[in-house]
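Colleague: One structure coming up, written as structure tokens, with questions to follow.
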Amino acid sequence: MSSRSASTHQDGKTLQSDLKVSQKRTDLNVKLPAQEKKVELGKKVTLLRGISIIIGTIIGAGIFISPKGILRNTGSVGMSLVVWIACGVLSLFGALSYAELGTCIRKSGGHYTYIMEAFGPQMAFIRLWAELIAIRPAAMAVISLAFGQYILEPLFMPCAIPPMAVKLATTIGITSVMYLNCMSVTWTARIQILLTFSKLLAIIIIIVPGVYLLFKGETKNFEDAFDLTNINLSGMPLAFYSGMYAYAGWFYLNFVTEEVENPEKTLPLAICISMAIVTSCYVLTNIAYYTVISAEELLASDAVAVTFAERLLGNFSIAIPVFVALSCFGSMNGGLFALSRMVYVASREGQLPEVLSMIHVRRHTPLAAVLILYPMTVIQVFVGDIYSLLNFMSFLRWLFIGVVVLGLIYLRYTKPDLPRPFKVPLFIPVVFCLTCFFMVFLSLYSDPVNTGIGFAISITGIPAYYVFIHFNNRPKWLQRAIGNQLHPNHCSFSLHESRSCTDADRCIYFDQTLGFTFLMFVLFS
């Protein structure tokens, strides 16, 4: 074979090889855009992050500012400590019940999802309605106002802080939390871990000197600790309300079940560790308070932790308001992270507009579900006196939590073959459920006005469900406003299945309309 023919043959092989490679590349380029890539919430919540979400959300401003609600309604130091312990045990019972629900119903959404699976879409919508209209805006506004108050206190000491300055600082705090939750799940979880450690550090700063003085013999405030002469039985439900409100937050990890790594093990373990830490910290913190402050002084104080620090820590007391502000910011961050997932799931179930179930294509965050909470919270901040909302908020919260745990008992009998990797003894949900309903019904006697308002708000969810969800023959203007997708049967998937967005065009459209959505939220706020 001549050198020319050999060269030609070699060039032919090279050309053929190049054509094959080029064809493979062309096929690859054709196939890649055709593949539907799932856009979904990633599993980024580890055990440590789960613990930080629970602890960081439970420990808010209450333990630092005003534990006097329990003391006022129990009438004695000893009984107040008993109530703190009892509320911790009851919260553990509720948390273990939710752990079973979270491992057998592996969908995010918390209360809403479990009521949906047990009792159907109508009851779930009433829970969603009460959460969005009354419970969440009031709770978020109160904890945010506490943040604004205490972040400014070191700057204005010893003068009073102007109310408008508090509201502006509160709005800045809410906006920063919203921005953080919109941008990254990973950074939200990391900052939550940091804030959780700062809370525990603040509690240690209170516990260590208080317990040290107790061991040195400072026990005068514990004399006649169980004096029962001042006990008012009608106030006991309110005392448990105060205690259970301080422990509220153990259920927030269930709102993000789909983002938890290995939820069968992580969820129960995170809940048990968190509740043990929080209960120990709460009881020891109250013991430290009573070691330094008498019961009368505690009832007269508006900020128990600051009074404690001024009495014992001297110039270092200026750091306590900063720690309280960080604690409030952590509760804001953890609560928003969890509640936005409930909105996301409710939209995915077809009970809220479809845009709220869309996930950002790059950041993998339910951005619209986060932003929907912004205007309602800011409006509550600027309305004025919102603290009266807390009474009926507690009524609604524990009413529906009792319904959720009742649903666990109901599912034990209606779906006995449902896989339950983590199963609690039946007496735990029974005791917790009865306690919830006992507190709710006694509160109707203790505070009928606020609980009646709360009950009326929840009842308004019934006509709202039939107007916006149930009827198919809605007026055309209403269909255009809320979308034809709002129907209880719009989405149907099994207990163990979580649906994700697989339509790339839908997600790209969502990315393009974020600016308009955010503008509308700002205008409403």
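Every residue gets a Cβ built from N, Cα and C, even glycine.
Nobody curates TrEMBL annotations by hand; they come from automatic prediction.
What you are looking at is a predicted structure, and each value in this text was computed from that prediction instead of being measured.
Features from TrEMBL:
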- 1-20: region 'Disordered' (REGION)
- 47-65: transmembrane segment (TRANSMEM)
- 77-99: transmembrane segment (TRANSMEM)
- 133-152: transmembrane segment (TRANSMEM)
- 164-182: transmembrane segment (TRANSMEM)
- 194-215: transmembrane segment (TRANSMEM)
- 235-255: transmembrane segment (TRANSMEM)
- 267-292: transmembrane segment (TRANSMEM)
- 312-339: transmembrane segment (TRANSMEM)
- 367-389: transmembrane segment (TRANSMEM)
- 395-413: transmembrane segment (TRANSMEM)
- 425-445: transmembrane segment (TRANSMEM)
- 451-471: transmembrane segment (TRANSMEM)
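Let's see these features in context: how buried, what's close, how far.
Modeller: A Cβ distance under 8 Å defines the sequence-distant neighbours of the transmembrane segment (133-152), meaning residues of its chain 6+ beyond its ends; these are 60-61, 65, 161, 165-171, 173-174, 321-322, 324-325, 328-329, 331-332, 335-336, 339, 373, 376-377, 379-381, 386-387, 389-390, 392-393, 396-397, 454, 457-458, 460.
Same-chain residues lying 6 or more positions outside the transmembrane segment (267-292) and placing a CB less than 8 Å from one of its CB atoms are 47, 50-51, 54-55, 58-59, 63, 67, 77, 80-81, 84-85, 88-89, 91-92, 95-96, 98-99, 102-103, 200, 203, 206-207, 209-211, 213-214, 218-219, 221-222, 246-247, 250, 253-254, 257, 260, 298, 304, 308, 311-312, 422.
Sequence-distant neighbours of the transmembrane segment (312-339) (same chain, 6+ residues past either end, Cβ-Cβ under 8 Å): 52-54, 56-57, 59-61, 64-65, 110, 131, 136, 139-140, 143-144, 146-147, 150-151, 153-154, 157, 173-174, 177-178, 180-181, 188-189, 191-192, 195-196, 198-199, 201-202, 205, 209-210, 213, 249, 252-253, 255-256, 292, 303, 305-306, 370, 373.
Distant neighbours of the transmembrane segment (395-413): 94, 97-98, 100-101, 104, 111, 114-115, 117-119, 123, 127, 130, 134-135, 241, 244, 248, 251, 426, 429-430, 432-433, 436-437, 439-440, 443, 450-451, 454-455, 457-458; these residues of the same chain sit at least 6 beyond its ends, with a Cβ under 8 Å from one of its Cβ atoms.
If you look at the transmembrane segment (425-445), the same-chain residues 6 or more away from its ends with a CB under 8 A from one of its CBs are 90, 93-94, 96-97, 100, 234, 236-238, 240-241, 244, 394-395, 398-399, 401-402, 405-406, 408-409, 412, 451-452.
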Colleague: For the transmembrane segment (47-65), find every same-chain residue at least 6 residues outside the stretch whose CB is under 8 Å from a CB in it, and list them.
Modeller: 143, 146-147, 150, 189, 192-193, 195-196, 199-200, 202-203, 245-250, 252-253, 256, 260-261, 266-267, 269-271, 273-275, 277-278, 281-282, 285, 302-305, 320, 323-324, 327-328, 330-331, 333-335, 337-338
Colleague: With pairs fewer than 6 apart in sequence excluded, do the transmembrane segment (235-255) and the transmembrane segment (77-99) have three or more C-beta pairs that lie under 8 Å?
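Modeller: Answer yes, regions in contact.
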Colleague: Can you name the far-off residues of the same chain, 6+ from the ends of the transmembrane segment (235-255), with a Cβ under 8 Å from a Cβ of it?
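Modeller: For the transmembrane segment (235-255), the list is 45, 50, 53-54, 57-60, 62-63, 67, 69-70, 72-75, 80, 83-84, 86-88, 90-92, 94-95, 98, 101-102, 108-111, 114, 267, 270-271, 274-275, 278-279, 282, 331, 334-335, 337-339, 341-342, 390, 394, 397-398, 401, 438-439, 442-443, 446-447.
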